[in-house]
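Swiss-Prot has this to say about the protein:
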SIGNAL    1-17  signal peptide
MOD_RES   18  pyrrolidone carboxylic acid
BINDING   35, 186  Zn(2+) binding site
DISULFID  69-177  disulfide bond
DISULFID  194-202  disulfide bond
């Protein structure tokens, strides 16, 4: 009986200590990076929201729910079921587009210089990492098969000189959209990473 238990223990250790592939390692780095960006986006949005009056919060949230983020023009899964059905390459390509769409707008986020100086290099590092993952998963497929000619206007009117109320709305929308998009990318990369483990349950 003791020998059987010992044998099961050895087998268990053998199974759980399978070497991590290079692809899994790169995915883990990418997921960790976007997770940190998502946490930063959540913190910045919460700090800004807490600086508002209750009525200002209510009005801005109401406006935001009726508006669109710039990145909404990027074709992406509409729900968790479509996300789970999407290929790894598609999830990576959408993630790349989303990160790329924030490289310029992130410089205009109304946050402290310390936080703003963190965001740009983090986005750049993540974009580079996703590009490496796309190359590793491409197998001759087109990098951006859907809407490859799509060009996004970089939040055009957000850089104009605005009144106090419009400036408040601009800041709210930028921070809310940044948080929303980092959540999307974290979800897509997490699902894509999970696909590398056939025995894993990748449900959202």
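In case you wondered, yes, glycine gets a Cβ from its N, Cα and C as well.
Each residue contributes its Cα atom, and for residue 202 (disulfide bond) and residue 186 (Zn(2+) binding site) these two points are 14 Å apart. Taking the Cβ of residue 35 (Zn(2+) binding site) as reference, residues of its chain lying under 8 Å away and at least six apart in sequence are, in sequence order, 186. You'll find the Cα of residue 194 (disulfide bond) roughly 26 Å from the Cα of residue 177 (disulfide bond). When secondary structure is read from DSSP and collapsed to three states, residue 194 (disulfide bond) falls in the helix class.
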